[in-house]
Structures are given as structure tokens and as C-alpha cells.
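Report on the following structure.
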Amino acid sequence: MSASQTSDIPTLLVKIFGKDRPGITAGLFDTLAAYSVDVVDIEQVVTRGRITLCALVTQPPAGMEGDLRATVHSWADSMKMQAEIISGLGDNRPRGLGRSLVTVLGHPLTAEAAASIASRITKSGGNIDRIFRLAKYPVTAVEFAVSGVETEPLRTALVTHAAALGVDIAVVAAGLHRRAQRLVVMDVDSTLIQDEVIELFAAHAGCEDKVAEVTAAAMRGELDFEQSLHARVALLKGLDASVVEKVRTEVRLTPGARTLIRTLKRLGYQVGVVSGGFTQVTDDLKERLGLDFAQANTLEIVDGQLTGKVTGEIVDRAGKARLLRRFAAEAGVPLSQTVAIGDGANDLDMLNAAGLGVAFNAKPVVREAAHTAVNVPFLDTVLYLLGVTREEVEAADMHDDEV
């Protein structure tokens, strides 16, 4: 029976709640089956061992509703459950135009934050149709299904206040595109890894302070990225090339990086990195992590020493966005189905070009400009923004361990 066919027929909403245990759902429908009703809708949730089961069914044949009510209540009493039965017409009311998914990450997620988010959704003209927990650790992640308001104004209403609430919020349009095969592109320094690779090289060259001075000048706007890159790399001139292998071993992956990549690959995503760092490190990461692509600058090495120069096309802010578009085109993935993750100003063009741009533990200017921000030290929390639950991640890992 279609939704249009149930819009004006008499229905009964049967609600059962109490302590969860095996047989509750089967018992309720065994009881209802005796009255020749059809199931229109079912919702069930278990929270801390307490079940709430709602069944929307067609009205029983004439003269049998009273008997159905008495039988359901009697069955519920025998199961030490509570029952509520409400008469009405049809199914759920039609959802308003504009459907979005709001993902909230809290560490912790406070009641104050939840109240503020729900209030802002209402004030924006939206209605919360469903709430679902995606994860309980390492952060609490909750997804709100919202209708009645377009995605962009809803995002504006929520994301701009996320930092003040101590949460991260992502708002995306609901629909099939969210389940489509996608492509994920990440920055490397302070995103995929915890380190800044140039600083690791500088430590071996004994020029950390000078590199830091150039970085500070770039942060003040006195140098653009390409100028600062050349200035910092010049300080590495004469460094023995054997240092490359040492730096590779010193690189520390961001917590959750392996889980993120492993899970995305299971889902059929193409995953890669674009970096203002160096291919001597990104190529190694590509091999170790099974990435599909990696693009970065290349340190020139002559006669076993770094020359203090880079070779080839510079990967800068514009270059990262250009590479995102290139990789998406090569993979046959529309930009609307791409995800970009980064932390710095030179990631902004890439973040804005992607279907979903995630500022990961980023500077304020980057957080404000990106589609959403994640400010917890776990890279795999990005999975929750894609609707993947912690339970699904762990179940897949367990299955692989058993195979």
C-alpha cells in the first residue's frame, strides 16, 4: 500500500515501551496479526536497555478495534511493558521541502548544545524528523534528519555558532548522492600526519629557528606560499640525502588516520593526498597507507645532497584545488561527490571546491570559510560526517580479523 493510498484511511499507532529483551517485537506483531491489520510503518529504538517500539497499522475490521486494544494492553501487561494506542488518519504528515542531514560532534555533547541546535533548527523553519547516534567514542556523534528548510540557510544558522557551543557541525543535503562512490583528498602536514615535514628536515639541518622565522613571516602576509617554500628549502642546502629516510621514520600519523583510510577504501572511495610538503615523504605514505594518489613538491637531490631547491610544478593553494579537480575528473567523480580535508590557508581553495570541505583542527580563518570544521584530534571522525557509524567501522574491522 503506497503512502498516497494511506493518506486518509483510519490507522492505529501502537506504542510499546519498557525493558528490552528478546521476543518483544515478535510478540507484538503476533498479537496484531490476529486482527488482520496491515503494517504501514515501524520504528524501534533501544536506549540503555529500554525499548520503544512504534507500529502504525491499518484499522481492524469493524467492531474489532476495542478487542484489539484490550488484547494489546493485556499482552503488554504480561510482558511488564507499557502500551499506548492512538487512533488517527493515514501515515506521517508530508515532510517539508528541503531535506538535510545535520551531524553534530561533541567531546562531550552537552545538553545545552543539543538544546541550542534544536532551537536554531526550529527558528530556521526546519523540523527534526529523526535523531540517530553515530558514535559514542572517541566523540559523541549524532545525526539529525531535518526537513522544511533549504540546506544552505540551515548550515549558516548552525555552523556559525558551533564553536561557541563547543561542538562541530556539518550540514549536507540529504539524498542518494551521499551514498555515491566518492573521492577524498587530504592535506598532509597537521592533517594526515601530526608533524610539519619541513620542520623535521630543519631539525636535522640545525636550522629550526630560521625556518620558524620564515614561517612566521609568511603567516604575517610578508611572503606568499611559494616564496616561503623556496626560502625554507634553501636552508636545507647541503643536507645529506640519507636524512630523507630518517624523516620518514619520524613522521607520526594523526590518530584515526589508518581507520579513516581503511574504511573509505572498503566503501569504494578513492583516497589521496596533495601537499605543499615533499614527495620524498608523501610517496612513502602513499605506499604505506595504500593511497590512490599523492602529489607534492619534490626536493632536488644531487650527488647525495639536498640542493636547497625544489623541482617541478609548485603545489600551492591554487595547485591543490587544481589537483582536486584533476583527480576527480580522472576518477569520473563529480566535484559534488568529493571531500577535501585540510588545516591551512593554502587548503582553502581545495576545501571550497569540494562537495564537502572539512577544516581539520584548522586556523580560525579556515574554520570560518570551510563547509564544516572538526576540532578533535581524531581524523576518523570525518567518517561520521559521511554517515558512517562507529559500530559499522568496528564490525568491518572485526570481520577482517576473522577472515
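Placement of Cβ uses the backbone N, Cα and C atoms for every residue, glycine included.
TrEMBL annotations: computationally assigned, not manually curated.
Bear in mind that the values here come from a model prediction, so they are computed numbers and not experimental data.
Feature annotations, reproduced from TrEMBL:
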ACT_SITE  D187  active site, nucleophile
ACT_SITE  D189  active site, proton donor
DOMAIN    13-93  domain 'ACT'
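Within the same chain, residues at least 6 positions away in sequence whose Cβ sits under 8 Å from that of D189 (active site, proton donor) are D195, E196, V197, I198, S275, G276, G277, D343, G344. Look at D189 (active site, proton donor): DSSP puts it in a helix.
Over all protein chains present, the Cβ of D187 (active site, nucleophile) has 25 other Cβ atoms lying within 10 Å. Mean pLDDT, taken over the domain 'ACT' (13-93), works out to 96 on the 0 to 100 scale. Taking DSSP states H, G and I as helix and E and B as strand, the domain 'ACT' (13-93) has 24 helix, 33 strand, 24 coil.
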